Amino acid sequence: MSIAPDGRKLLRLEVRNAETPIERKPPWIKTRAKMGPEYKELKALVRREGLHTVCEEAGCPNIFECWEDREATFLIGGEQCTRRCDFCQIDTGKPADLDRDEPRRVAESVQAMGLRYSTVTGVARDDLPDGGAWLYAETVRQIKALNPNTGVELLIPDFNADPDQLRAVFESRPEVLAHNVETVPRIFKRIRPGFRYERSLAVITAARDYGLVTKSNLILGMGETPEEVRAALHDLHDAGCDIVTITQYLRPSPRHHPVERWVHPDEFVDHERYATEIGFAGVLAGPLVRSSYRAGKLYAQTVAKRSAVSLSNGEIA
């Protein structure tokens, strides 16, 4: 294999990755489809209206639960990312021109689906003067204008930690500002060459300093050790991260990073317990957890925990 699905020549790293066959999944990597009434209604509506969600297009295993809770995730910024992470199925390349009408369409999709909570994520747009900050912020504004009772979680790239670009995004006031570090420092450069670990932590700190609820994600199975996971959890908590999700890496294709280990569910239980003990307000860990999984419930849990802490400290909520 020397050509990627999008027609470009494979990178040397991708050629090396492809030498390792796709791994066989362990028995605990499976889901049961529970198609409740809310899920069935949303499924029919999405098909009828021609709407697009990450949930369907990425084949997320949690779609049945999330749609039953009226939660969904949308991808903005196009189908090409200006950076390449070795675990990510989104293609790298020159993106299409900025679609300034996209925020309106996403907001209308949220309205049509009657969502209680929406997650918006997107590609890195280093080709744009503002890194795509306007697009992310405007999408939040449009959703809130059309859906005042819908929560919005915004999962952003790092915008190179540019203060002006970050401020433009923060001013849109999503319920949760998420930025995923994804892996531990020792293998970070190998897995995410376009990002920097400390820079990602700085983005989370900036969001927390702005007064936003913050969130991040760790993907296990790419070469880290359990001890490194705990150290990364400390780094995230010290940076001001309120919510963390921890998941198993599932390889999208042979050209992506091989799975180094299948993390047993018991280890996820240990990590969730540890993250809670060191002070995270919201934690979810498991083989099939994804960063947007049960996002609305995690946000509500975090707000309730913050309020309880304020009351116990004698503060006025």
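In case you wondered, yes, glycine gets a Cβ from its N, Cα and C as well.
In three-state terms derived from DSSP, Cys60 ([4Fe-4S] cluster 1 binding site) belongs to neither a helical nor a strand segment and is classed as coil. For Cys60 ([4Fe-4S] cluster 1 binding site), the same-chain residues that are 6 or more apart in sequence and have a Cβ closer than 8 Å to its Cβ are Val54, Cys66, Thr73, Arg290. Positions annotated as [4Fe-4S] cluster 1 binding site by Swiss-Prot, on the basis of sequence analysis: Cys55, Cys60, Cys66, Ser292.
If you look up Swiss-Prot, you'll see Cys81, Cys85, Cys88 marked as [4Fe-4S] cluster 2 binding site. Summarising the environment of Cys85 ([4Fe-4S] cluster 2 binding site), the number of other Cβ atoms within 10 Å of its Cβ, over all protein chains shown, is 21.
Mean model confidence of the domain 'Radical SAM core' (67-281) amounts to 96 (pLDDT, 0 to 100 scale). Look at Swiss-Prot and you will find 67-281 tagged as domain 'Radical SAM core', backed by sequence analysis.
Taking the C-alpha positions, the distance from Cys85 ([4Fe-4S] cluster 2 binding site) to Ser292 ([4Fe-4S] cluster 1 binding site) comes to 19 Å.
In sequence order, Val54, Cys66, Glu71, Thr73, Thr119, Thr121, Glu153, Leu155 are the residues near Ser292 ([4Fe-4S] cluster 1 binding site), counting only same-chain partners six or more apart with C-beta under 8 A. Taking each Cβ in turn and tallying the other Cβ atoms within 10 Å, the top scorer among the binding-site residues Cys66, Cys81 is Cys66. In this structure the C-alpha atoms belonging to Cys55 ([4Fe-4S] cluster 1 binding site) and Cys88 ([4Fe-4S] cluster 2 binding site) are separated by 15 Å. Cys81 ([4Fe-4S] cluster 2 binding site) falls within a strand when secondary structure is assigned with DSSP.
Of the listed binding-site residues Cys55, Cys88, the Cβ environment within 10 Å is emptiest of other Cβ atoms at Cys88. Neighbours of the [4Fe-4S] cluster 1 site: apart from Cys55, Cys60, Cys66, Ser292, residues of the same chain with C-beta atoms within 8 angstroms of the site's C-beta centroid are Thr53, Val54, Ala58, Asn62, Ile63, Trp67, Glu71, Ala72, Thr73, Thr119, Arg290, Tyr293.
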